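Step one of this worksheet: look at the structure below.
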2 protein chains.
Amino acid sequence: MQSFDLDRTDVLRIKNALEGDDAALEKVLSEYHASEIAILFEQLPQEAKERIINMLPAGIGSEILTEMTEEAHPEEILISLEPEKRSEIIEELDYDVATDIISQLEEHEQNEILEDIDQENATSIRALLNYDEETAGGLMNSEIISVNINQDKRGALAEIIRQSEEMEEFYTIYVVNDMNVLQGILSLKDIIKARFDVKVRDLVKSDYVYVKADLDQEEVARLISQYNLTSIPVVDDNMKLLGRITVDDIIDVMEEENTEDILKISGVSEDEELSGNWKDAVKSRLPWLIINLATAFLAASIIRNFDATVKSLAVISAYMTIIAGMGGNTATQALAVTVRRISLSDLSDRQAYNTVLKEFLVGMINGAANGIIVFTVAFFYDANPTLGLVLFLAMTGNLIVAGVTGASIPLILKRVGIDPAVASSIIITTFTDCIGFFLPLWLASKLLL
Amino acid sequence: MQSFDLDRTDVLRIKNALEGDDAALEKVLSEYHASEIAILFEQLPQEAKERIINMLPAGIGSEILTEMTEEAHPEEILISLEPEKRSEIIEELDYDVATDIISQLEEHEQNEILEDIDQENATSIRALLNYDEETAGGLMNSEIISVNINQDKRGALAEIIRQSEEMEEFYTIYVVNDMNVLQGILSLKDIIKARFDVKVRDLVKSDYVYVKADLDQEEVARLISQYNLTSIPVVDDNMKLLGRITVDDIIDVMEEENTEDILKISGVSEDEELSGNWKDAVKSRLPWLIINLATAFLAASIIRNFDATVKSLAVISAYMTIIAGMGGNTATQALAVTVRRISLSDLSDRQAYNTVLKEFLVGMINGAANGIIVFTVAFFYDANPTLGLVLFLAMTGNLIVAGVTGASIPLILKRVGIDPAVASSIIITTFTDCIGFFLPLWLASKLLL
């Protein structure tokens, strides 16, 4: 099967099939992969989704729920299902996915669901519900393959095959001692290729990376990416093996974190759902706009102090908006590069210093280049070379300030433990607006009046 | 080994060790993982890097080169190595990594390197050099495990073990026919668990996703993420198996694409290297700033048309900067949410229409909320209720325009095939500045003079 793009035709086909009986509907649905049905779900009404999940085999239903984004609220479908179907589906779900979905429900709904299902599963899910969703513990899956370090090849291989019965796919085999303390990893290839008298102890690799359950998911993603891992074991404070995180879980984390980064740098609350409604959007954005308004009043108060200058040289108010705006753009460029660098790796003091120095230089050069253009316009269009000089100096000065603040504010915020993407853009806009208004007005008041 | 953060102490330790002999240096380096050495390399001079790679075993040297970012220029180290060491290292590198590194060199350097190495490797790398680096073909690795559909379990297992000898890790086993045409995939677990008289033909799964070699890497990443794959086979136009792309290659692609997205949305050329020098930064950013300057002149020309208004009501020039600035912020918020939505999935016409409608509503509500604040300030501070009304109307109007353009410009650019992240922010800033200046000035000229 090659992937194809879903479009409105697909939605219409399913909507048509929903008019008919289950057999016809099932036939149409059978042409789609579970992850495609999950995407099409976004455009179907709640009753249709419930009917489809109730109708399809639990194996496919569980895959669809797995593939639905958090924003499509798979938990609402889960809670609405007939109890028997629901239990079947939960048995099919990976523990980490089941936990993520169930964690979105009210506590009494969680208990209702967990009482219905197999007690072993319920215990595992309850244990996972205790971890913060955005940590290694919240991300991990407790379905792992582990063998005892004292086993021989035959015993270990039998154990691996037994444990893999219920798993879709597996990567690394973990080796533990009698106390379930992690001892290392074992490659399936090595054990298949080994002679029959070899012991797990002889094959175990102790050079591996692990994480503690309370590590932030962003750090987990960084480790997996840095060490090119396909999975990483999760342990508790006593090094007991709790579960593993696989690279495909990390892809979702990366998408999530990247969405958060882009939203935060643009002054949108990181919790805003991309497909949320207007009420959520107002709630997420209005606070930022009001903070921005307060800082804008601050910048505007500078203009008020130069009322006389504005009155006698009205054209300066057109030019100052240009200089402030160019400062904002320059600062945003420096900010984006710096924030992205910080989020990919920590910078040493020396690297941080060099970054700020570089942005000083870039600001100065770009400021002078744009300053010459503004000078030229003032010289020819306004026939006012002194105004041109004022504007050249103001542009250069503001773009230097913009470059330096754009690079240093996120670095400072990072050092004091504040997420650089959140607060940076408001702080730097305020800076570049204030300086962008002040410099041309002040220089004009000194040199032109 | 738990990961630890590298800091200046680590760089200093290695710099100290570089003063001593090879044995002492090797001892210090042995405490670091290859990927950590790759990070530390960023702060070492070229000669030190060459000495370290020449000194360490080729297996570790190749890992270090693999982990170095493109920006750290591993190809400069490779070309500088002694020919024998270089050949050893290239043999150890995955073909896709070797190709990526070699592709950065001049053609005569490429030929020099490829003539030195084993002819089979050279042929594979030459074939990969023909694919664009940012397509499936450029990303794929030709080291795969494949079995013939007509083999039995014993033959297939022997073949798998033989082919896996030289591979670090493997995921999926591919099944081909006598013509090397892809027939499906085979799970290692299934073949281990199968009885000995079972044939590959009985175990092959034909429900799998593949990609053509010329598919863009961003599409490959989307497929792997959407279908939760650990690897994906790459075929030519005749469905002949060429190689596979693994999920860890995709993590690098995602980081690259996300860096590009953040840079583009901030008006920085996507090719700018995050750790590049000031000359590269000026080259990458100045063109955008000059385009911005041109559009800023356009917006400022609106102010010039209201010279009389500004002269008689100087305070309006302070307020108009607030209204234009708030429009810019609102548009950036709508833009970020929309660009991110588009980059995660295609929107249907109906979804696109709903998105614009939502941003209209959000702009109106946030505009009215901020408009009331500005009205209040004008009423009490400036004791001018009519000015307050002008500002309330201008704020609401501009934030509606900001929301609608912030959502619709990227949607329109996407439809006409332009990358929405690139041009959007300049276009919307121009819009919100022009309307943000025009509305208060025009309303003031009608209602206040």
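Note that Cβ sites are derived from N, Cα and C of the backbone, with glycine treated the same way.
Annotated features, as they stand in TrEMBL:
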DOMAIN    B:140-201  domain 'CBS'
DOMAIN    B:203-260  domain 'CBS'
TRANSMEM  B:286-304  transmembrane segment
TRANSMEM  B:316-339  transmembrane segment
TRANSMEM  B:360-381  transmembrane segment
TRANSMEM  B:387-409  transmembrane segment
TRANSMEM  B:421-443  transmembrane segment
Self-check item: Non-local residues, at least 6 beyond the ends, that sit with Cβ under 8 Å of the transmembrane segment (B:316-339)
Solution: 261, 265, 299, 303, 309-310, 355, 359, 362-363, 366-367, 370, 374, 378, 387, 391, 394-395, 398-399, 401-403, 405-407, 409-411, 420-421, 424-425, 428-429, 431-433, 435-437, 439-441, 444
Quiz item: So, by DSSP, how many helix, strand and coil residues make up the domain 'CBS' (B:140-201)?
Solution: 20 helix, 16 strand, 26 coil
Quiz item: Cβ under 8 Å to the transmembrane segment (B:387-409), counting only same-chain residues 6 or more beyond its ends: which ones?
Solution: 313, 315-316, 319-320, 323-324, 326-335, 337-338, 355-356, 358-364, 366-368, 370-372, 374-379, 420, 423-424, 427-428, 431-432, 435-436, 439-440, 443-444, 447-448
Exercise. Mind checking which residues of the chain, 6+ beyond the ends of the transmembrane segment (B:421-443), have their Cβ under 8 Å from one of its Cβ atoms?
Key: 260-261, 264-267, 270, 288, 291-292, 295-296, 298-300, 302-303, 305-306, 309-310, 316, 319-320, 323-328, 330-332, 335, 339, 343, 390-391, 393-394, 397-398, 401-402, 405-406, 409-410, 413
Practice problem: Determine the mean pLDDT over the domain 'CBS' (B:140-201), rounding to the nearest whole number. | Solution: 84
